[in-house]
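Undergrad: Here it is: the structure, laid out below.
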Amino acid sequence: MDFIKPTIEYGDVWPLLVVFGVAAVGVLVEGFVPRAQRYLVQAALAIAGVVVALVGTILVARDLDVLGDGAARGAIDVEGTIAVDGPALFIWGMLLVFALGGALLFAERRLEGGVSAFAGQAAALPGTEAERQASTRGLEHTEVYPLMMFALGGMMLFAAANDLLTLFVALEVLSLPLYLLSGLARRRRLLSQEAALKYFMLGAFSSGFFLYGAALVYGFSGSMGFAEINEAVRDDVGNQTLLLIGIGMLSVGLLFKVGAVPFHSWTPDVYQGAPTAVTAFMAAGTKIAAFGAMLRLFYVAFGSDRWSWQPMLWIIAILTMLVGALIAIVQTDMKRMLAYSSVAHTGFLLTGVLGVQQASELADGEVTSLQAVLFYLVTYGFAVVGAFAVVTLVRDAGGEAGQFVRWRGIGRRSPLVAGVFAFFLLSMAGIPLTAGFVGKWAVFTVALAAGAWPVVIAAVLCSIIAVFFYVRVILLMFFEDDDVSAQGEVASVTKPSVLTSATIFVGVAATLVLGVVPGPVLDLAANAGQFVR
């Protein structure tokens, strides 16, 4: 039996290889670089790797081949397993930009008095002498940087995967590092470890559903490739029961990653317990990668059987928006409130997925569902990373002050920080002149054009509900008095280094610019074209 050498188009996938290469080098750094120098080496390596990969993504995007009638640009590479097309590269760019912000937050040390926000010795039991000694000596886990890079590489591969097997491998590559990172908080170790365990257990459960669904779809179509699956669906060559159950089980795995109801229960616990830098990276990156994979799977592999999965998404989108918006109202912790806000935003994004897919079905100047969802992900990513960066600044003697009562009067003591946080919240609420307003307008418009008006009505109502809990926090910061009775000390705002400051500044600038001048990014999403098939 002859072995056939696989063909790898290095010129197309080298940004992805850079990310994985930096992750591998980061592992070697842990073994060969002295502990005292690891922080600088690992942080510089991760930031440089992300920047190089981002530049590479731009260069690859400039040279994409135009296919067919010009609606799609790109190629199917690596023996048909990876689609390097316009949407994939747009998503890669988003992931790398937000990963750069995440890396800067990972590298922040001023807020914790000269050490990072990560545990000094992860293997030490909370409250033991070993943990106290690790804290006293100022130890920290620099392995978080290669873990972040492995997760980033998995996210990029997840969004570009062109067959079910590659999609599953990418899912595991992005998930496993995040499970570890969620349990490495320096403060509130038990809460962090609980979050990591819940995330791992539920994530493993959802991965099992995904893998079983892939097996059923393979049984239906005889192929793992998206194009071949679509041909089998169009020609109705197999058992429809296998197909429908397979679509449902694949959807479980994807809906878990985006935090959609009823697979959202991990979101508030993990967002609250994980180090806030990890939460920021995960909140933006995981949602972007998972929606990229979902769009490609539903539009390319199951595009010929739209009415088999669309009614399911109608129901899930409405439930997700309602549950996220209503439960966020009763939260008393900032990170849990942002977690349920994230659930509601997942519902808004699912509304966009239900929209019109082909530009030929729309009038000139209207956006497709792919363009609308991509733009929404950009606006949400900048707002959520910036918001969590601000959360790291509000602190008391126990570390970050997440309880609402500790945020009372922050607007009078630190008006700039409170104003920036309020601006991010207003963008998430979809207030005009912010990026969030344009993002919601885009996804609601495409869903309405596709006839999903019940979902749009529910989305508008949930947006109104969401304004309540966002404005509630703003009123808390600016118009309520400090409360020190029975609640301990009032939280203060810690001055960050240039790393966190830069992340917040870019988030504010992008949110403002995209709200006032959204055209260039909408055009960029339109120029990305459709998925290659």
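Here, residue 1 is simply the first one shown, and the rest follow in order.
The backbone N, Cα and C atoms fix where each Cβ goes, and this holds for glycine too.
Per Swiss-Prot, the feature transmembrane segment maps to 13-33, 87-107, 141-161, 200-220, 243-263, 275-295, 310-330, 337-357, 373-393, 417-437, 451-471, 502-522 (among others); the stated evidence is sequence analysis.
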Undergrad: So which residues does the transmembrane segment (337-357) touch in its own chain, when a touch means Cβ under 8 Å and the partner is 6 or more beyond its ends?
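TA: Non-local partners: 258-261, 264, 267-268, 270-272, 283, 287, 291, 294-295, 298-299, 303, 310, 313-314, 316-325, 327-328, 331, 366, 368-370, 372-373, 376-377, 380, 384, 387-388, 391, 428, 440, 442-447, 449-450, 452, 455-456, 459, 462-463, 466, 469-470, 473, 530.
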Undergrad: Using a Cβ-Cβ cut-off of under 8 Å, list the residues of the same chain that are 6+ residues beyond the ends of the transmembrane segment (275-295) and lie near it.
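TA: That would be 87-88, 91, 94-95, 98-99, 101-102, 105-106, 108, 117-118, 144, 148, 151-152, 154-156, 158-161, 167, 170-171, 174, 178, 181-182, 184-186, 192, 254, 257-259, 335, 338, 342, 345-346, 349, 353, 369-370, 373, 377, 380-381, 384-385, 388-389, 391-392, 400, 531.
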Undergrad: Using a Cβ-Cβ cut-off of under 8 Å, list the residues of the same chain that are 6+ residues beyond the ends of the transmembrane segment (451-471) and lie near it.
TA: 314, 317-318, 321-322, 324-326, 328-329, 331, 337, 341, 344, 347-348, 351, 354-355, 425-426, 428-431, 440, 443-444
Undergrad: Residue list, the transmembrane segment (141-161) vs rest of chain: Cβ under 8 Å, 6 or more residues beyond ends.
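TA: Apart from its flanks, the transmembrane segment (141-161) reaches 15-16, 19-20, 22-27, 29-30, 38-39, 42-43, 45-46, 49-50, 81-84, 88, 91-92, 95-96, 99, 102-103, 106, 116, 118-122, 167, 169-178, 180-181, 184, 278, 281, 285-286, 288-290, 292-293, 296.
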Undergrad: For the transmembrane segment (373-393), which recorded stretch in the set 13-33, 87-107, 417-437 gives the largest number of Cβ pairs separated by under 8 Å?
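TA: If we count Cβ pairs closer than 8 Å to the transmembrane segment (373-393), 417-437 scores highest.
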Undergrad: What parts of the chain pack near the transmembrane segment (417-437), using Cβ distances under 8 Å and only residues at least 6 beyond its ends?
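TA: Beyond its ends, the transmembrane segment (417-437) has Cβ neighbours at 341, 345, 378-380, 382-384, 386-387, 390-391, 393-394, 410-411, 463, 466-467, 470-471, 473-474, 477-478, 493, 504, 507-508, 510-516, 518.
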